[in-house]
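Undergrad: There's a structure below that I have some questions on.
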Ligand SMILES: *Cc1c(COP(=O)(O)O)cnc(C)c1O
């Protein structure tokens, strides 16, 4: 559930009229609902309240400093994937001692930074990485706490580009080799074996693959507890959100949109299915959800540049582009697109909704039906809080978009639109061309 809805004819985030935000800060601009994020976080915690839980928000989904502070205030740690993310948490005043450092290619400098900041654990993806962490810890005279990421070889039934738990993905160590990897880890002088980790993919819409992966791991995890005294099991992230009918899903229970019998995953169904499997282990359970926390808590505001009526098609050209929100171009993702001002007297329009970037993949939606809108009018891309700004870039010399956070009737610009001068600050003309 989320806090985007029409009040009268105008789309609001909590009590804030989104058109007012667009007028003040321009477009394209991301807007996040702090209350939605808070409720998502608390709902997930409640759904697994029978367990000794530690939530590590997967900040790669959205690393805005204001949101990191919000998560930190809620008691979250972070799932980190780079030195830059470690430094962002420091900048936001977040807690690194509750945070875990994942990723297949941690550099020596990143490992050192994580050790200096006393992260809760490293999530190790290979034997060579283990050796490197052992080496860096030795030079600092400390022991590095680790968990090995085990690849359970299950099909997450999600988009091929965001599945991570099959044996042909680059992630983790296969279950049949994991025992040997733990034996090797236990022999390393500067390594403390502390837990075990899995993460099978992103945008999972059913509970079944989570259940399959956890069931596959449980005997192995129990052995690790008995033989290596591990204290935690991280079951990763990956809970999916509603992208179709995203707006309506805020006004009713979102799972009621799903066809009967194939229930969309919810924190409740996830908790209900996994708690009985996990509780008997008697371990701390780490969760690393990213998308679920912030996905439906954000929208991207955009303005219509032109309605171009083509021979066979209409094109609605907007001022946001694939550089601002790359998911449709990269993963064929669906985003609901709605007008900020709803007017039932308008005719319907069917159009491809496209950005100004010079690429045919700069297309947000094909043959989408919405109310007729014209130049200067405002639209919102729903469910844009996760992997939106985080994946934005400057292709076509465009500027990184602005970000705004709303709580109740308050809103604040938390990341100003980039300036042209910032984008060229590190560049120079070499002497031989002068
Ligand atoms: C990306 C990632 C997550 C978060 O995935 P979501 O689908 O956003 O929940 C969690 N853990 C690891 C190791 C990841 O790489």
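Glycine too: its Cβ is placed from the backbone N, Cα and C atoms.
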Undergrad: If I go by TrEMBL, which of 149, 176, 244, 291 binds substrate at the same site as 327, 331, 359, 387?
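TA: Among the candidates, TrEMBL records only 291 at this substrate site.
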Undergrad: Per TrEMBL, what member of 201, 229, 238 joins 288, 289, 290, 291, 387 in binding pyridoxal 5'-phosphate at one site?
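TA: For pyridoxal 5'-phosphate, TrEMBL names 288, 289, 290, 291, 387; of 201, 229, 238, the listed one is 238.
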Undergrad: If you average pLDDT over the domain 'Orn/DAP/Arg decarboxylase 2 N-terminal' (36-248), what do you get?
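TA: Reported value for the domain 'Orn/DAP/Arg decarboxylase 2 N-terminal' (36-248) is a mean pLDDT of 95.
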Undergrad: Which binding-site residues, if any, among 290, 291, 359 have a Cβ under 6 Å from ligand 1, given in order along the chain?
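TA: With ligand 1 as the reference and 6 Å as the Cβ limit, the list reads 290, 291.
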Undergrad: For residue 290 (pyridoxal 5'-phosphate binding site), which residues of its chain lie six or more apart in sequence with Cβ-Cβ distance below 8 Å?
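TA: Listed in sequence order: 57, 58, 59, 60, 61, 62, 79, 202, 237, 386.
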Undergrad: Give the sequence-ordered list of residues that share a chain with residue 288 (pyridoxal 5'-phosphate binding site), lie 6 or more positions from it, and have CB atoms under 8 Å from its CB.
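TA: In sequence order, 56, 57, 58, 79, 100, 102, 199, 234, 236, 237 meet the Cβ cut-off.
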Undergrad: Tell me the coarse DSSP state (helix, strand, coil) of residue 387 (pyridoxal 5'-phosphate binding site).
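TA: Reduced to three states, the DSSP call for residue 387 (pyridoxal 5'-phosphate binding site) is coil.
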Undergrad: For residue 387 (pyridoxal 5'-phosphate binding site), write down the residues of its own chain that are at least 6 apart in sequence and whose Cβ falls under 8 Å from its Cβ; none is a fine answer.
TA: 60, 61, 62, 291, 295, 327
Undergrad: Of all the binding-site residues given, namely 238, 289, 331, which is spatially nearest to residue 358 (active site, proton donor) at the Cα level?
TA: 331
